[in-house]
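According to Swiss-Prot, the N-linked glycosylation site annotation covers ASN46, ASN61, ASN270, ASN305, ASN310, ASN334, ASN337, ASN377, ASN393, ASN413. Annotation comment: Swiss-Prot describes CYS609 as S-palmitoyl cysteine. As annotated by Swiss-Prot, motif 'CX6CC' applies to 534-542. Residues annotated as signal peptide in Swiss-Prot, with sequence analysis given as evidence: 1-36. Under the heading topological domain 'Extracellular', Swiss-Prot lists 37-589, citing sequence analysis as support. Summarising the annotation, Swiss-Prot assigns topological domain 'Cytoplasmic' to 611-645 and lists sequence analysis as the type of evidence. Per Swiss-Prot, transmembrane segment is recorded for 590-610, and the stated evidence type is sequence analysis.
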Amino acid sequence: MEGPTHPKPFKDKTFSWDLIILVGVVRVLLRLDVGMANPSPHQVYNVTWVITNVQTNSQANATSMLGTLTDAYPTLHVDLCDLVGDTWEPIVLDPSNVKHGARYSSSKYGCKTTDRKKQQQTYPFYVCPGHAPSMGPKGTHCGGAHDGFCAAWGCETTGEAWWKPTSSWDYITVKRGSSQDTSCDKNCNPLVLQFTQKGRQASWDGPKLWGLRLYRTGYDPIALFSVSRQVSTIMPPQAMGPNLVLPEQKPPSRQSQTKSKVATQKPQTNGTTPRSVAPATMSPKRIGTRDRLINLVQGTYLALNATDPNKTKDCWLCLVSRPPYYEGIAILGNYSNQTNPPPSCLSTPQHKLTISEVSGQGLCIGTVPRTHQALCNKTQQGHTGAHYLAAPNGTYWACNTGLTPCISMAVLNWTSDFCVLIELWPRVTYHQPEYIYTHFDKAVRFRREPISLTVALMLGGLTVGGIAAGVGTGTKALLETAQFRQLQIAMHTDIQALEESISALEKSLTSLSEVVLQNRRGLDILFLQGGGLCAALKEECCFYADHTGLVRDNMAKLRERLKQRQQLFDSQQGWFEGWFNKSPWFTTLISSIMGPLLILLLILLFGPCILNRLVQFVKDRISVVQALILTQQYQQIQQYDPDRP
């Protein structure tokens, strides 16, 4: 039952339906912003592609996968009968609206019986897009849903027909697949839907509509279907309770509260076998900001003490209170290359994290600009295809788009981005004990500016570099110590808390504005004489809870220890050294006149002796000269010995 040769007359392609109401079809699919305006392109989501039968508003196929918004474009499989349903059956279609004398009672297409399913395998089909009617051929009207968006030839962009319809701008290609079911008891008309390059670059905020038509003698039946994308996070965040910013600013918990308590069962004396009791699972307790800061410093100390105990005998570790709070050290490491998203890709923070300070030289992936080539000791161009590069444990990829534990090569190749493998360290500076004491010393002498070192420079490369160094020296066990892992957990907890605080602070702006407006209204009724401000406003009073008492107590104890140390210094100081602490100009005066005084003293001590020796030397030289002058006036007489012959 093959139709006439292409093209068929325009009138053969006309089918008058009542206008299909697409209210149930064009469903509003909310775009997932994942809690921020610009999510990281390497963020892995649960992406579901849904193919919907438009006429019946039923789901024909749903395919889910884990991936980024750039590479999560799988090959979709759907059966033609799932797209058609019962819409091609004679009992459903209205013969009164059918033109040119076609009668559906004698039609051999549809999915009602097994014979019709088999017959449908012989019909070619073509697909016309309805999401962009303006992209059709010039001077051609492709019609609407009642025409399947194929009112004229040239509107088709894909399909399985002898003239091989193609397009350079449509989002999908639809071809016929192979079926193993020869009896057609179930589905035997598989279709394969693949995304084109234009489809991978398109915005899928809402469903896209297409029309599919069979190529046969007479009227070509229509099937409308839509393709939509649904994006969801792996573990959607949950918020509970009131404002999460201010109430959690509590003092540090005591040391005894951090220890885990394990309940032990009393031994049984009746000889029966003790039953295993499942431990009760309790929800993790939310720690405060001060606990997180203390954990960062404590974890840094334990890691430094494990690597170099001599440096922790007497030192100060100071947590930097101004941005940047973290710094990255570029390292060389072996990353894992996987085709499926590893578990580390599924726990990416919702907010972008930017590292403003990266030092050292390490491994770089992608196209590195000249401005950042100094960070690269080894550069790799990456891999082709949909691969995921997971950083080693305790390390991250620092990219143009932010910090991420793993990167997608599809995103990296598409955006021309580059990444550097780094270790993440908190901004904790290392100082000698004298540095802190000088800030509380009352002496007026100006000391030289001390040199501050961050712990990251002292411990840089511990995660990956320590492995290579530990093979021959036996220090690899350092990487598995609880001290280093505690520092990593403390940094991860602090980053997670920072992320939650940013979201909660945004929600707290409303509460802050209410307090400001309340104060403004209080100024308007300044002369109110009864009831006070809160009673006049008939609102709850706002108070400020001051928790700085603990800080004042700690500073008082610190000043007391400094005072005792200063007294110890004074008791060991000599009387001459105490002169320099009397007055600020005394040190300058002594240093100015000390040189001339020493020269004058040396002249007075050794001058007479040197002068006497010089006078004596001159006298001796004069005597020698006088003797020479006198001998020049006389001649020596030759002596004669008479005894000699």
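Using N, Cα and C of the backbone, Cβ positions are placed for all residues, glycine too.
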Requested in this report: Find the one among the recorded positions ASN61, ASN310, ASN413, CYS609 whose C-alpha lies closest to that of ASN334 (N-linked glycosylation site).
Outcome: ASN413
Query - Inter-residue Cα distance where the pair is ASN393 (N-linked glycosylation site) and ASN337 (N-linked glycosylation site), in Å - result: 14
Query raised in the report: Quick one: Cα separation, ASN61 (N-linked glycosylation site) versus ASN46 (N-linked glycosylation site), in Å?
Result: 16
Query raised in the report: Hey, which of the glycosylation sites ASN305, ASN337 is the loneliest by Cβ count within 10 Å?
Result: ASN337
Report summary line: Students should find that the Cα atoms of ASN393 (N-linked glycosylation site) and ASN413 (N-linked glycosylation site) sit apart, in Å rounded to an integer, by 24
Report task. Using a 10 Å cut-off, grab the number of neighbouring Cβ atoms around the Cβ of ASN393 (N-linked glycosylation site), all chains included. Result -> 13
Query raised in the report: Compared by Cα position, which of the glycosylation sites ASN46, ASN305, ASN310 is the closest one to ASN377 (N-linked glycosylation site)?
Result: ASN305
Report task. Just name the winner among ASN46, ASN310, ASN334 (the glycosylation sites) by count of other CB atoms within 10 A of its CB. Result -> ASN46
Report task. Check the topological domain 'Extracellular' (37-589) for me and report the mean pLDDT. Result -> 71
Query raised in the report: Nearest to CYS609 (S-palmitoyl cysteine) in three-dimensional space, by Cα, is which of the glycosylation sites ASN46, ASN305, ASN310, ASN413?
Result: ASN310
Report summary line: Judged by other C-beta atoms within 10 Å of its C-beta, the most isolated of the glycosylation sites ASN61, ASN377, ASN413 is ASN377
Query - Secondary-structure category, per DSSP, in which ASN337 (N-linked glycosylation site) falls - result: strand
Query raised in the report: Relative to the Cα of ASN46 (N-linked glycosylation site), which of the glycosylation sites ASN305, ASN310, ASN413 has the closest Cα?
Result: ASN413
Report task. Work out how many Å separate ASN310 (N-linked glycosylation site) and ASN413 (N-linked glycosylation site) at their Cα atoms, rounded off. Result -> 47
